[in-house]
Structure formats: C-alpha cells, structure tokens
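Asker: For 32-294, the entry in TrEMBL reads domain 'Deacetylase sirtuin-type'. Taken from TrEMBL, the feature NAD(+) binding site applies to 60-64, 70-72, 142-145, 234-235, 258-260. What TrEMBL lists as active site, proton acceptor is H162. Sequence annotations record features per position, and here TrEMBL assigns Zn(2+) binding site to C170, C173, C194, C197.
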Amino acid sequence: PLSRSGCHRTQGSRPFCLSAARAILGKWGGDEGKQKLTLKDVAELLRKKECQRVVVMAGAGISTPSGIPDFRSPGSGLYSNLEQYDIPYPEAIFELGYFFTNPKPFFTLAKELYPGNYRPNSAHYFLRLLHDKGLLLRLYTQNIDGLERVAGIPPDRLVEAHGTFATATCTVCQRNFPGEDFRKDVMEDRVPCCPVCTGVVKPDIVFFGEQLPQRFLLHLTDFPMADLLFVIGTSLEVEPFASLAGAVRSSVPRVLINRELVGPFAWQQRHNDVAQLGDVVGGVEKLVELLGWSDEMQTLMQKEKEKVGRGSERQLPPQPLHSLCWSYPGEWVTTLPRVQKTPKATQT
Ligand SMILES: [Zn+2]
C-alpha cells in the first residue's frame, strides 16, 4: 500500500519517505480538527480503566538499558567473543545451515543470554505492573533475552516472536525440554545433547527461515481486540512483526516510546498516535509518573531484586553425561570440548 507521502514501503528509500511524511504530517497535524492525544491523556485512559486490553510490542530498546549486548553490531563485546570462531557474518549464528556445521558461536550467544546474567529494568517492570493490574492483553517481544519472564510476566501473556531460551528442542527427535535442563552444558561451553537420542538440542530461538512460534498467531485476535497499543523500543523493521502496529483498529490510541519516529508513526500517522521520543527508559518512567505508579514500581523492583538475588544461589540438577552429539544432517559433531574435558570419553 502507498503511504500518505506517496512512497512505497519497499521501493521508496527510507530517508526520503520519513522526511516527506514528516513534512506533510507537520502541516496537516494529523487529522484536522481533532485534538492531538498526549501521553497524559493515555495515562488518564489507563487510570480510569477506559483502556484495559493493552497490547504491547517491544524490541531491543527495552533490553539495551539492562546491558544486553547488541549482537548484531561489530565492536560490541559479544561480537568480539564470536570473532574467535571465524563466523562469516554475524547473522550466520542464526542460520540453521551454519548451526549444524558449527553450533559453537550460537552457544556462545546462548551462554551470554541464558536466564540469570541480566536484570530487567523499569521498562520491563512497567509491563509487569500493567499485567498485575489486569490491563495487559499481550506482550509481543522481539527480544530473546527472556527479561520479560524474569520480570514476572507469565508466559501466557507473552508472545516471544523470535523465540526463547526458556525451552529447547532436540534437532533430531524433536523432543521438548526446559531450557534449564541444559544450563550446565551451556555454561561449561558444551553443546547440549538430547538425553534420549543424543541429538543436538537447540534452544527455541527462531532462526532465519524458521517458522515463528505458533503463539504468534494470537495476533489475529489480540490486535483487533486491543484498546491501546504500546510500541516500545523497536525500530519496527523486522517483518512480520513490523506490520502489526497497523493491525489495531483505527480508533485505538497507539503510543510509541522510542528514540525516534519509526514505522507507521513516521509514514502513516493517525490522529490518536502519541510519540514519546528520546531515552526509552526515561519515556517509560515519565508515563509511570503520569500514571501515579512510581511508588508501586519502586516497591515491585525492590522485591524482585531480592528474589533474583536468591534465585542465583539455587542448586543445579545433576546433568547426564554425553560424549558426542548427533547433528541433524547426519554427521557426528566431533569438535565438542566435552571430549577434551572428559578423559574417559576419548576414543582411541
Ligand atoms: Zn532427541
């Protein structure tokens, strides 16, 4: 479809589209005659429970304040860690073909992002508060760090569009396991193997070309039902996630909390769109303040901080021993460090 600025989404160059859309919308001021909605108005709608089926779309912008490395940018700590593996390009770690040849780079990422290394920030806890107050219909996240779960948002309120480390699947027999079962392997730089068939076990992160999780289909009912949409910390560049922002009814207020205008907020603005631009956590905290939830948020974060602290001390279950893993295309993965670390497993 053509945007108001006349640029096609795929044909037009982004900078031109954005500037053209801004110029036109600046003069129009959205829909003429209608009062522009503000963040304060949105806070009021939530306080009065006039909106109580809130759908949230979240992206990397809510994770970077927690210190999650941007694994796609060269120069970030994680990318340097991966350089030792000589990966052809960063995206290769999410390609199945590459994974079956060399799963090590992916598991280096897994080790970094396995639940426990990072803590949620105010943005995650704001979403948790929305849930606690019964206002959150669903949170769609593109993040794979699992911080939404750590913040206490139950999995049934979540659609982890790009997957999760919370569960894992054997690449050979397709059995499902809790991600925790393989924590020790991942932490000790071993490629996890299926306890049943010895196949390589892959955390349920969506690789390029893989289907999105079944739960993603919930968008078919969630978005038409939503009465408020938050888009927080995402560039809305990755499809099919990106198009969802346009799937709420036109009467539904859409709130963008992000560094800059993105997606339909830039090129297909509606009169009831609100953009809180700048620092993402700062924007969320401003909203929390307008909602009068600041004290509650402080209490919640303090309580959760103590819980996370206790959680890290728990004992890990004993792990089965594996020597070799069977990888999907039918080759033995023989380069596992386990073979070196366990003298008994060395075969001569
Ligand atoms: Zn298996």
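Each Cβ is built from the backbone N, Cα and C atoms, and glycine gets one as well.
Fair warning: this is a prediction, and the values are worked out from it, not measured in the lab.
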Asker: Ligand 1: which of the recorded positions A60, S63, H162, C170, C197, R259 have a Cβ closer than 6 angstroms to it?
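Answerer: Only C170, C197 meet the Cβ criterion.
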Asker: Look up A60 (NAD(+) binding site) in the DSSP assignment and report helix, strand or coil.
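Answerer: In the DSSP reduction, A60 (NAD(+) binding site) maps to helix.
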Asker: Could you check which of the recorded positions (H162, C170, C173) sits closest to T234 (NAD(+) binding site), going Cα to Cα?
Answerer: H162
Asker: May I ask you to report the DSSP-based helix, strand or coil state of N143 (NAD(+) binding site)?
Answerer: coil
Asker: Roughly how many angstrom lie between the C-alpha atoms of C173 (Zn(2+) binding site) and R259 (NAD(+) binding site)?
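Answerer: Each residue's Cα considered, C173 (Zn(2+) binding site) and R259 (NAD(+) binding site) end up 44 Å apart.
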Asker: Looking only at the domain 'Deacetylase sirtuin-type' (32-294), what is the model's average confidence as pLDDT?
Answerer: 92
Asker: Go through C173, C194, C197, our binding-site residues, and report the one whose Cβ sees the most other Cβ atoms within 10 Å.
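Answerer: Its Cβ has the most other Cβ atoms within 10 Å: C194.
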Asker: What residues, ordered by sequence, lie under 8 A Cβ-to-Cβ from N143 (NAD(+) binding site) and sit at least six positions away in the same chain?
Answerer: A58, G59, A60, I62, S63, I68, E160, H162
Asker: Translate the DSSP assignment of T234 (NAD(+) binding site) into the three-state scheme.
Answerer: coil
Asker: Rank the binding-site residues A60, C170 by the number of other Cβ atoms within 10 Å of each Cβ, and give the residue at the low end.
Answerer: A60
Asker: Take the C-alpha atoms of C197 (Zn(2+) binding site) and R259 (NAD(+) binding site) and report the distance between them in angstrom, rounded.
Answerer: 47
